[in-house]
Amino acid sequence: MAQAAFNPSRRQLLRGDTGSKRLPLRPPWSVEELAFINDCSRCGDCIQSCPEQILFKGSGGFPEVDFSRGECTFCEDCVRVCKAPVFQSTDSDPWNVKAHISQSCVTYKQVVCRSCAEQCEPEAITLKPQLGGIATPKLDLSACTGCGACVAVCPTKAINVHQPLVQDAQPMTANNDKEAEQ
């Protein structure tokens, strides 16, 4: 699945906000971003059908996922109710997102916390004992489903689940001009 190039809006350009961006996290099994934006009717049926209530109307009225509200159980309700061609077959992986644990995790400050590991059903997060310290979370990306169960329970908001970065074209500078000449 090819990533759509970052295409800044007029508002983003006026704010000077044209650097690396993360695509919004769409419901599971969504097609690539450009096709999603072109074909989604913004009716809100998927948002209303989500039993976990993690979907909300995001930028432009398009559905986005907010894991601070809960986790995705991959129930497929959003796919079933949608009349637009914005979802892939549920036989495929729901998405390519993974969790990320930042250095603001309290275990890195020698505070005991097991919240994320206890919520991780696929056991992608385990607690690794540290010599002379407390156990810190270890994330097995191959086991992570991107369900987001670990996000809402984190007391320091140290965990996020998101799309990979989309790199904007690098602005031309004097250094770039010199490199291009060589």
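Cβ atoms are placed via backbone N, Cα and C, with glycine included.
C43 ([4Fe-4S] cluster 1 binding site) counts 14 other C-beta atoms within 10 Å of its own C-beta, drawing on all protein chains shown. According to TrEMBL, the [4Fe-4S] cluster 1 binding site annotation covers C40, C43, C46, C50.
Annotation note: C82 ([4Fe-4S] cluster 2 binding site) sits in a coil segment as assigned by DSSP. Within the same chain, residues at least 6 positions away in sequence whose Cβ sits under 8 Å from that of C82 ([4Fe-4S] cluster 2 binding site) are D45, C46. What TrEMBL records for C72, C75, C78, C82 is [4Fe-4S] cluster 2 binding site.
When secondary structure is read from DSSP and collapsed to three states, C147 ([4Fe-4S] cluster 3 binding site) falls in the coil class. Other C-beta atoms found within 10 angstroms of the C-beta of C147 ([4Fe-4S] cluster 3 binding site) number 25, with every protein chain shown included. The [4Fe-4S] cluster 3 binding site annotation in TrEMBL covers C144, C147, C150, C154.
Look at TrEMBL and you will find 29-60 (among others) tagged as domain '4Fe-4S ferredoxin-type'. Outside the domain '4Fe-4S ferredoxin-type' (29-60) by six or more residues, the chain places 1-4, 23, 66-67, 69-73, 75-90, 92, 94-95, 148 with a CB less than 8 A from a CB of the stretch.
Positions annotated as domain '4Fe-4S ferredoxin-type' by TrEMBL: 61-92 (among others). On the 0 to 100 pLDDT scale, the model's mean across the domain '4Fe-4S ferredoxin-type' (61-92) is 97.
The domain '4Fe-4S ferredoxin-type' annotation in TrEMBL covers 135-164 (among others).
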All-chain count of other Cβ atoms within 10 Å of C50 ([4Fe-4S] cluster 1 binding site): 22
Where C43 ([4Fe-4S] cluster 1 binding site) falls in three-state DSSP terms: coil
By Cα-Cα distance, the member of binding-site residues C40, C43, C50, C75, C78 nearest C147 ([4Fe-4S] cluster 3 binding site): C75
Cα-to-Cα gap, C144 ([4Fe-4S] cluster 3 binding site) vs C72 ([4Fe-4S] cluster 2 binding site), nearest whole Å: 13
Pairwise Cα distance for C72 ([4Fe-4S] cluster 2 binding site)/C50 ([4Fe-4S] cluster 1 binding site) [Å, integer]: 9
Least Cβ-crowded entry, counting other Cβ within 10 Å, from the binding-site residues listed as C40, C72, C75, C150, C154: C75
